[in-house]
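Asker: The structure's right below; bear with me while I get my questions together.
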Amino acid sequence: MSKTLYEKLFDAHVVHEANGETPLIYINRHLVHEVTSPQAFDGLRAMGRSVRQPSKTVATMDHNVPTDSRDLAGSGEMGRVQMVELAKNTEQFGITLYDINHINQGIVHVMGPEQGLTLPGMTIVCGDSHTATHGAFGALAFGIGTSEVEHVLATQTIKQARAKKMKIEVRGKVRDGISAKDIVLAIIGKTTMGGGTGHVVEFCGEAIRDLSMEGRMTVCNMAIELGAKSGIIAPDETTFAYLKDKPYAPKGKDWDEAVAYWQTLHSDEGAEFDTVVTLEASEIEPQVTWGTNPGQVIGINQPIPNPAEMSDPIERQSAEKALAYMDLPHSIKLTDVAIDKVFIGSCTNSRIEDLRAAAAIAKGRKVADGVQALVVPGSGLVREQAEKEGLDKIFIEAGFEWRLPGCSMCLAMNNDRLAPGERCASTSNRNFEGRQGRGGRTHLVSPAMAAAAAVYGKFVDIRNLELH
């Protein structure tokens with residue numbers, strides 16, 4: 001019987017499945033951070049339980065860490081307490097921790113892949129909704145809640161219902177200047193933010209295959225933003241080349257055996273999907289969100305939609321509310337909209353290729369007057385590599401702030417946030433009301449588009465700019 005990649009991954013991890021009950025599946029890798037883990041560890045202590053497989057759990061600090069210093073208290077008392085608790089809990093339960101001063105510290109979804117903790121065929125969980133990022137490697141990866149974090153720590157398993165199967169194919173090749181972020185925003189614009197609800201999405205097609213692993217991670221990272229449980233991409237030679245020689249990747253004969261297995265991880269010919277969506281890559285423009293969810297997105301040269309022209313009353317009401325919050329009129333182009341801040345970072349776009357793309361725009365230019373622009377590498381290793389390449393100097397000379405690794409302005413859980421009414425061009429994944437700070441207005445874009453907005457003080461079409 002033909003199977004989808006998702007079915008192969010799920011079936012390979014079923015520990016127990018009884019009639020009428022939710023299947024119990026095995027978890028290969030558990031990634032932990034400071035925000036969703038304290039209560040889980042407290043639960044273990046209260047019941048006198050240990051962590052069943054400490055070697056399969058790795059922790060880092062990311063959400064609360066300040067990016068202008070390595071002071072634990074730099075983001076406030078709550079952040080300090082959570083980071084101190086994580087250090088205490090990981091030491092007590094024998095779990096590896098990349099703390100705030102470790103070179104491997106970083107955003108959990110950047111750190112995992114670059115260490116080789118993320119491998120094809122795995123099941124991976126983390127108490128964070130963007131765990132889908134790891135699906136770029138042909139892994140089944142999804143976010144879990146704090147009570148589930150405790151369950152995985154104690155049992156290395158989790159109850160998980162089977163999801164519906166969705167295929168999103170991006171046909172052909174993208175045009176110059178189009179990034180993975182533009183691809184996934186265009187996908188969400190077509191499916192809407194609820195189009196993938198109840199599904200695990202497999203991304204495929206020539207445009208997806210052409211992406212680097214970092215680009216694929218950007219796409220899978222935002223699968224959750226179309227409502228999906230997770231997103232996956234079948235592994236291939238690009239995957240294997242990325243993983244080769246990573247610290248936690250198999251070595252020697254084990255590597256050869258692993259690759260032989262990984263090559264079987266693809267959807268069979270004739271495998272059936274519940275939903276199929278197709279996009280033409282050549283039609284994708286640089287994308288910018290105009291509203292308060294990632295599905296409210298347009299190409300840079302398109303006008304903001306007029307809610308009155310929307311036939312669906314719910315969609316119309318949502319658009320009206322979004323435009324009111326964003327303080328934007330309909331029918332104008334976003335190239336007419338000025339911005340106050342720029343954020344280049346997050347688990348979506350803080351890897352070395354993202355920083356190179358932004359630096360190519362920033363080089364030889366200056367941040368516009370009145371604009372604050374932050375560049376926040378996704379990990380200590382990304383920061384180290386960027387500095388080896390001189391990217392930090394490019395950003396600093398252009399007037400960007402070169403920060404330390406962390407989640408930063410993606411979410412208002414640290415000191416990097418928007419003030420009420422401020423408008424931000426952001427490479428993050430969510431533009432919800434208040435996401436980057438109470439009353440803040442977020443526009444999601446690619447790293448190159450964000451850098452260009454910083455330089456020009458407004459949104460521009462990067463395809464018209466000379467790269468350096």
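Placement of Cβ uses the backbone N, Cα and C atoms for every residue, glycine included.
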Asker: Do you know which of Cys220, Cys347 Swiss-Prot groups with Cys407, Cys410 in the [4Fe-4S] cluster site?
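Answerer: For [4Fe-4S] cluster, Swiss-Prot names Cys407, Cys410; of Cys220, Cys347, the listed one is Cys347.
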Asker: Validating a neighbour-count step here. Other CB atoms within 10 A of the CB of Cys410 ([4Fe-4S] cluster binding site): how many?
Answerer: 29
Asker: In sequence order, which same-chain residues at least six apart have a C-beta under 8 angstroms from Cys347 ([4Fe-4S] cluster binding site)?
Answerer: Ile107, Val108, His109, Val110, His130, Thr133, Asn221, Gly378, Cys407, Cys410, Asn429
Asker: Around the recorded [4Fe-4S] cluster site, report the further residues of that chain (criterion: Cβ within 8 Å of the mean position of the Cβ atoms of Cys347, Cys407, Cys410; site residues excluded), sequence-ordered.
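Answerer: Everything else in range on the chain: Asp62, His63, Ile107, His109, His130, Gly345, Ser346, Thr348, Ser350, Gly406, Ser408, Leu411, Ser428, Asn429.
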Asker: Looking only at Cβ atoms, how many others are within 10 Å of the one on Cys407 ([4Fe-4S] cluster binding site)?
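Answerer: Taking every protein chain into account, the count is 29.
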